[in-house]
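Here is what Swiss-Prot says about this protein:
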type	residues	note
BINDING	VAL88, GLY89, THR90, GLY91, SER92, PHE93, GLY94, MET95, VAL96, LYS111	ATP binding site
COMPBIAS	10-26	compositional bias 'Polar residues'
COMPBIAS	28-41	compositional bias 'Basic and acidic residues'
COMPBIAS	42-53	compositional bias 'Acidic residues'
DOMAIN	82-366	domain 'Protein kinase'
MOD_RES	TYR242	phosphotyrosine
REGION	1-61	region 'Disordered'
Amino acid sequence: MESHLGNGVGSSRSAKNTKNTSSSVDWLSRDMLEMKIRDKTEADEERDSEPDIIDGVGAEPGHVITTTLPGRNGQSRQTVSYIAEHVVGTGSFGMVFQAKCRETGEVVAIKKVLQDKRYKNRELQIMQMLDHPNVVCLKHSFYSRTENEEVYLNLVLEFVPETVNRTARSYSRMNQLMPLIYVKLYTYQICRGLAYLHNCCGLCHRDIKPQNLLVNPHTHQLKICDFGSAKVLVKGEPNISYICSRYYRAPELIFGATEYTTAIDIWSTGCVMAELLLGQPLFPGESGVDQLVEIIKVLGTPTREEIKCMNPNYTEFKFPQIKPHPWHKVFQKRLPPEAVDLLCRFFQYSPNLRCTAVEACIHPFFDELRDPNARLPNGRPLPPLFNFKPQELSGIPPETVDRLVPEHARKQNHFMALHS
């Protein structure tokens, strides 16, 4: 929901880490210009840089928006009024502004999207079916009309004051790295949210990035937001490949694959985790081709088999052979071996070799979170991490459930207590 990170971030890391391979990398960059990799077209970029839609759509501070909600249990419709406070995010989709409910005093976020009459709004349909502790909650929705007869869809969402992006930048400004406990907390909650989206809803988010991860700064509960790019992926049906913000885009998307899977979200999660550990984006590409160059500089050249798994059309392309960069040199500090192992599971060129979201949740990197005595640095309890509903655990092998839900959490979870 925020604007993108600047492309310059992280370039010093790239230059510092690749002095000895600069000639190979230059060759790689030149050669790969011939690949005709599908990046965003000029039309796409124009759509991304449209002027913010603010005037006359009810987001001015103090503007009152009144709507009616269906009554519950046969009761009459209820009138609800929101007072706009200030804009918290803008983009090609429209805008998000903070508002307060006059009747209850509750603070909400309202996402206002220009409704194209030619298309049904997929985001609304998706959000109406979501219910999870790590997914932002849709309270209700309504349409509004301007003097020009333009129709806007308004999604009234729970308000979460911070994002992972702003939280990470606050550490960068102080020249500090984010404490490891927060890296674990945020990455785990992304994975748990994705496990729900992927397994329970068959949904791929397609734009996981720090700006789309909301965080409560007091509890450190994380919620995935912005389902404007999300889609239920159907095997055999093609999808657009130029989705997902560049730094977090899986290599198969850069290669133009159209029959990708939810594994693209797993790659993006690895990019977020690495960014939190590093203090800046791991793969700061300046174009589609340059993004692939950045990935190869760290992971090395993909094998022919790996390229085939990403997009069979490129198996004959001759890539210069570049060796992988050791992780301890990438991060220039000692990382726990569990962190390195999890990153390796996220960053597989072959989508089918990446770990699933559930497999990530049971990874030893998160064992500290399963300790019954684990606390936030200020001594407060951790946010709810193990309050699984039956739907979340459906189809998961019993031995995986045992690793997923620690014993102390089973006693607190009524469903788990009945089945343990």
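Positions of Cβ are set from backbone N, Cα and C atoms, glycine also.
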Binding-site residues compared (VAL88, VAL96) - highest count of Cβ atoms within 10 Å: VAL96
Other C-beta atoms that fall within 10 angstroms of the C-beta of TYR242 (phosphotyrosine): 16
Within the predicted model, mean pLDDT of the domain 'Protein kinase' (82-366): 94
Length of the line joining the Cα atoms of THR90 (ATP binding site) and the residue listed as 'phosphotyrosine', in Å: 20
GLY94 (ATP binding site), number of other Cβ atoms within 10 Å: 24
Binding-site residues compared (THR90, SER92) - highest count of Cβ atoms within 10 Å: THR90
For TYR242 (phosphotyrosine), the one of VAL88, SER92, GLY94, VAL96 that lies nearest, given that the binding-site residues are compared by Cα: SER92
VAL96 (ATP binding site): secondary structure state under DSSP, collapsed to three categories: strand
Recorded ATP site residues VAL88, GLY89, THR90, GLY91, SER92, PHE93, GLY94, MET95, VAL96, LYS111, farthest C-alpha pair in Å: 14
